[in-house]
């Protein structure tokens, strides 16, 4: 389908259900997509952080895109991450996911290497010139270890290099600079400014963001769709109440013991445990080398679901 | 060939010569290997940081290993990096480079993801159990954003998971803990402790390291072979003089303007410019999105070579 | 005066005007206080980051508190920073500023030392037990290099250790956790949750914050007072417009050349240049070793003022 | 006394013994100084990190300098830290410790503030121009959060601003650049390059350092004096054996449980427990808010002492 300009609304970063032996569970993935689409989301983002893209092999990545694109069949736009260290490797993924039908690619700055701001700009320009589909910048300093400056994002937007920004930096002031900058720049039109936050969707939409890409929307897509609708109609009181409810639900990411596992394990493990407990996916396994949640920890996730009326 | 236990001496991390359009320049790569082997190095490490592994596509990585392994034909051990974000992706590279003939693989902790120490241990155990060749841990905090604790390295060595360590952390005190720990632990034998430093090879060998993997050995392999021999014979005065000479030569990595480019661009650009000026490779190009050295900056590299009598 | 529970509204962190030879310019300080009070601010915070507390000697700090407390004479509450590395040194400042009449002290976690979370908790407990006035926690990771976890803040609030939080972390999601946590915790009453952001005051107040401590309020106190009033009356459209106007004005902090000076120099230099150009203070000097703005840079600050109708 | 040019040998950073109620224990401090001087050390450094300078009030700092300077009475040089955030506050300490008789001051780059390299240079120039005694730069990135570049140190040395460097960065390659740069620069004479490492004293002296400032020398000054003498006579084999013995002893800094306390608490707590167990000081207390070692942990420290024959 044609990529919307701008893309707006709720665009969940789709989890990648795995089998007990860590293959992609295609049937669960299809069920998860149905679960999201039926809740009324506005797009799907596969191969992002919540999708465990960093853990999936190239074959698995291709299978995920083909499965989701094939299943939604143009009903809504599918964005795909092209997550790798540098330009040539990213371009390989861009070719692969766009061939598999992705409507746009989501790309970070180079990581692992020590990269200068001018090289980050060059990276996005080279990726865009080699991509058959629009390029969304993915700002994720916790993983990439550099922050995309708003000025750079706006410059690349004005030059037609970038079609949007997915901002998971946690820095709402910097995000606001892109939102207002994109709105006021005469040469920028149709640019999508999306927040990756689960916890500040109302704040982001209130200051003018186009949409949200919250990992927790896997677990409660109806909640985020409601939140988005409240914001669009200016019902800020109910938006805030819905957002605060989702903040409480998000507490599940701390169910895993931080003495025993990392943040990825705990957060992704909780989302998958919740999807498993809700009957959406068949197995809560996360990819290696992540430590799985214990039975007790899964039970704690269940309590968050029960508290939110989702069980 | 059988991987030496331990591997000792000078093991250059082999640069990857590129053509002007950023393909692997196989003829230059072969000439570079000859340049190193003829200087008397003890092994070769391909697909490391100095090889621009982070910038090479999977096809290019395979071509590099096949070329080098085919050319040296068992005359000396070839180690290959299997550099990727997490266990499943690293295992794909391990299978690929070992099928192409690498005698050992060099593997970092997970990066991009937020990984707990227990997950790092699990990562190395899973990689080793899936690898047909010995696994060397690669400690590179500047890229990986975590440091391998000496205690973990020694535990994995004692359990037969790791066959060695390539330490590019710059933390010689931590390195020393591995060197003396490996020497004194009854269950550890044949473990290779290698420094990735260009500037402290004499210090590392004096405190008991097995060898060195200095990027600058691409440019001056004879210098590092001499330095290694001085250290082995306890001629510390001449070792220090040779090391100090090489420290001056290493100054070339600052030829690139830090206002204009990143550390990778400047360092790798200087090594490749030097190999080009010395007539070893046909083109000094570095991979995208790195900024190339200017003519003036290449000239500055030339002055370092001239000062060292290498032109 | 009695410290309000909670303190709400606009509480500017008062700049410290200096003479050309870097003494405290008491007359300018009094004029600045008048400028703020007349604009309708709700409290004053002296000896914070915008006050250059880190650069002021103990004698200068005392003079600042005495001057401001003496001048406002109880008309509105005066908070004073007690900024130092560890508990015993902080307690010396607490005694000094409270003796000089401060109504509350503002205290960071220990810095310079490597401090464990349990030691941060112990620090605040010891400071509070030694302080004759309420203690506000100051979360400033850019300076302190640790982040106060919301759970710790709420625990210390519930125990009566902390009377408020000034959050300059830039992490609005974490800030929200304190705001909602303090509201819902039965044992917490009158706790002041204040944002240190210049750019997200509308967002912070919309999610329930009590007030704001924006450095830019030195330059345009009327703007922040208007913004606060719009938020309190639920006029979110005009609040957003006012906030966006202040965001543009805040652009002045980039007037100083980042190649030539640090962020403190550029930001504080711009605020003081603006106060000087507006005729509030007699000299725009910042403390040593900060690099002063050039004439051209001061002129750029002037353009921001002109654009905002403040000249 | 006149400050030696260069200062060489072992210069322990003297611990500050405290009473159970956290006052300076002057009698224990004098005993500790005697313990060090009788072992043959070449100088004393008070008010550094191992002295808990960050935790001492200004009154306590003054008492420490007066006590130590008074007791050694010119028999060996006394360096004193002037540790604070910025130039004006550092200058207050410089005046205080030099008035109390310190022969040189030890000064870090600014911290807490966001400081540009040019401001770091300006800081040292201003401090030196206001100091009646020589200024030694203190490179401690773990506390200061910036690293002193070798080029800057050498520039300041050549201009007569700095009389030496105490390098606790852990970056021996950067340290080497200062050592060889100072040796070869025609305008630099008598500059003291001192390592702050406990674990690499042999390496540092082998590459040309003037001396060492190891915190562990409080516990085993005889060991470090022996090590220094072996290095000076070129007896590298015995030097390495002595250094490795001291590395084992240094393991005591891990006696404190990292789940329960920070690195400062564990390291300083271990040194003080060891001095207490050896009968040098009357009480092992560390300053607030550090968590004290438990009885079990103190017992573990004792085992390290026993293993080294120091009980």
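Cβ coordinates are placed from backbone N, Cα and C, and glycine is handled just like the others.
Listed features, source TrEMBL:
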- C:138: active site, proton donor/acceptor (ACT_SITE)
- C:166: active site, schiff-base intermediate with substrate (ACT_SITE)
- C:213: pyruvate binding site (BINDING)
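Cβ contacts within 10 Å of the residue listed as 'active site, proton donor/acceptor', excluding its own Cβ and spanning all protein chains shown: 28. Among the listed recorded positions, namely C:166, C:213, the Cβ with the most fellow Cβ atoms inside 10 Å is that of C:213. Here residue C:166 (active site, schiff-base intermediate with substrate) is positioned 8 angstrom away from the residue listed as 'pyruvate binding site', judged by their C-alpha atoms. Residue C:213 (pyruvate binding site) falls within neither a helix nor a strand when secondary structure is assigned with DSSP, and so counts as coil. The CA atom of residue C:138 (active site, proton donor/acceptor) is located 5 Å away from the CA atom of residue C:166 (active site, schiff-base intermediate with substrate).
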